[in-house]
Structures are given as C-alpha cells and as structure tokens.
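Down below is the structure, laid out as structure tokens.
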Amino acid sequence: MKGVQHFLVFFSLLILGVTLASASDPSPLQDFCVALNSTKHAAKTLSLSFHEVFVNGKLCKDPKLATADDFFFSGLDKPGNTSNAVGSRVTPVNVDQIPGLNTLGISLVRIDYAPNGGQNPPHTHPRATEILVVTKGTLYVGFVTSNPDNRLFTKVLKTGDVFVFPVGLIHFQFNIGKTNAIAFAGLSSQNPGVITIANAVFGSNPAINSEVLAKGFKLDKKMVEYLQTQF
C-alpha cells in the first residue's frame with residue numbers, strides 16, 4: 001500500500017513539474033541550435049516524406065556543421081531609409097538574419113527616424129519585452145497599459161537614455177528633434193513579432209467590416225472606409 005502511495009505522490013509531482021515547465025519557454029538543451037534556412041530544407045535534411053514541416057520555432061542543423069557565420073550579421077552601422085509615410089526604418093536582427101539565435105530568446109533592431117516627426121507608430125510585440133537605447137537625437141516614447149486602466153507612461157529620451165516597453169503592450173517612439181535620430185533595441189525573443197495597430201485594424205486582409213470599426217472607434221462609416229484605403 002505504501003508503495004502505491006509513494007508512486008501516486010511521485011506521479012503527482014511529475015505531472016506538476018511538466019505543467020510548470022510548459023508554462024514558459026524552456027531553456028536550451030544544448031549549446032546552440034542553428035536554424036535551418038527553410039522548412040523545405042529541414043524536411044529534406046531529415047529525409048521526411050511530407051512537403052513542409054512546421055514547428056514552434058525553427059529546426060536545427062547538425063551542430064558539427066555550424067560555422068561562425070551562423071552567429072554573425074553585418075550592417076547595423078548603415079542608416080535605414082526613412083523616406084516613407086511614417087518617417088522611420090526598422091532594421092531587424094533576429095533568427096531570420098542570424099540562424100544561431102534560434103532557441104536563445106533574444107534579438108536586436110536598429111531604428112532610424114527622420115527629423116521633425118519621424119515615428120515608429122503605435123505597435124506591440126506579442127512575444128517580447130523591449131529595451132531601447134537612444135544613440136542619437138531626441139525621442140518622445142511611451143506605452144499604454146492594458147484595460148481597464150489604459151495608463152500612458154511617457155518620457156523624452158536623449159542620447160544615452162534607456163527605456164523599457166513591457167511585453168505585449170502598445171508602445172511608440174516619435175522624433176521631436178530637428179535632426180535624424182537613431183535607437184537600438186534588444187528584444188526578449190528570437191522572433192518577437194510586431195503588430196502595427198493602424199495597419200492591423202485598417203489594413204487587414206480581407207478588410208474588417210467598416211460598420212464594426214465605425215462602432216468600435218466611434219467614427220463615421222465613411223471615415224472608416226477612407227482610412228481603410230490608406231493602409
């Protein structure tokens with residue numbers, strides 16, 4: 001009887017441990033897991049019979065075949081082209097640029113802002129917290145908390161200043177200076193994802209019913225339809 005009880009206790013602890021382990025991203029189980037370039041390549045490498053392979057993240061190539069180039073990226077010294085509607089350019093360095101970032105839970109971006117209002121418009125990263133440092137210029141930055149408070153936290157950042165945007169919260173950066181601005185940001189995911197609010201709401205494919213948006217944003221339906229033509 002005691003043996004059965006001990007087994008039940010052990011089994012309960014095992015189930016609890018598995019549950020807790022699956023509640024967050026696991027730590028890497030090897031030194032590195034260099035991503036294969038594509039799922040087709042992965043399937044071919046693994047001699048799989050199906051056309052595509054989909055996993056949570058990316059499959060790894062044989063670590064014996066890894067090279068220094070798998071952990072390298074060049075070009076963050078080059079300014080991004082800010083000649084666009086929002087006046088900014090984000091240059092990402094994530095697992096798509098550095099395959100060696102796979103499973104390491106970190107990535108980087110460079111953001112260039114045009115003078116007098118260049119902005120990284122309101123957006124969210126569904127899988128990452130962001131820490132941003134300004135290396136040139138002056139930025140007005142902020143984030144908004146979730147419902148029901150919707151508190152706005154803002155700060156004016158100058159060269160050398162750092163600001164944190166918590167995971168999943170809507171945030172933005174806006175160049176209030178008369179010169180170009182530059183910032184670099186670290187993100188706590190190999191693939192943080194980005195949802196630009198206006199693009200997602202007014203530029204979805206297919207389009208969201210304009211009556212839904214008109215009521216949700218308390219706008220005239222014709223205004224909603226106009227906004228949908230802009231994204």
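Every residue gets a Cβ built from N, Cα and C, even glycine.
All TrEMBL annotations are machine predictions without curation.
Annotated signal peptide per TrEMBL: 1-23, in sequence order. Taken from TrEMBL, the feature disulfide bond applies to CYS33-CYS60. Look at TrEMBL and you will find 74-225 tagged as domain 'Cupin type-1'. The feature oxalate binding site is assigned by TrEMBL to ASN120, HIS125, GLU130. What TrEMBL records for HIS123, HIS125, GLU130, HIS171 is Mn(2+) binding site.
Summary of the oxalate site environment: with the site residues ASN120, HIS125, GLU130 set aside, the chain residues having Cβ atoms within 8 Å of the Cβ mean position are VAL109, HIS123, THR124, ALA128, LEU132, PHE165, HIS171, ALA185, LEU187, PRO192, VAL194. A distance of 9 Å separates the Cα atom of ASN120 (oxalate binding site) from that of HIS171 (Mn(2+) binding site). Of the disulfide-bonded residues CYS33, CYS60, CYS33 has the largest number of other Cβ atoms within 10 Å of its own Cβ. Distance from the CA of HIS125 (oxalate binding site) to the CA of CYS60 (disulfide bond) is 25 Å. Taking the mean position of the Cβ atoms of HIS123, HIS125, GLU130, HIS171 as the Mn(2+) site, the remaining same-chain residues with a Cβ inside 8 Å of that point are THR124, ALA128, PHE143, PHE165, LEU169, ILE170, PRO192, VAL194. Here the binding-site residues are HIS123, HIS125, HIS171; the one with the fewest Cβ atoms within 10 Å of its Cβ is HIS123. Around the Cβ of ASN120 (oxalate binding site), 26 further Cβ atoms fall within 10 Å across all displayed protein chains. Sequence-distant neighbours of GLU130 (oxalate binding site): residues of the same chain at least 6 apart with a C-beta under 8 Å from its C-beta are VAL164, PHE165, HIS171, ALA185, GLY186, LEU187, SER188, PRO192.
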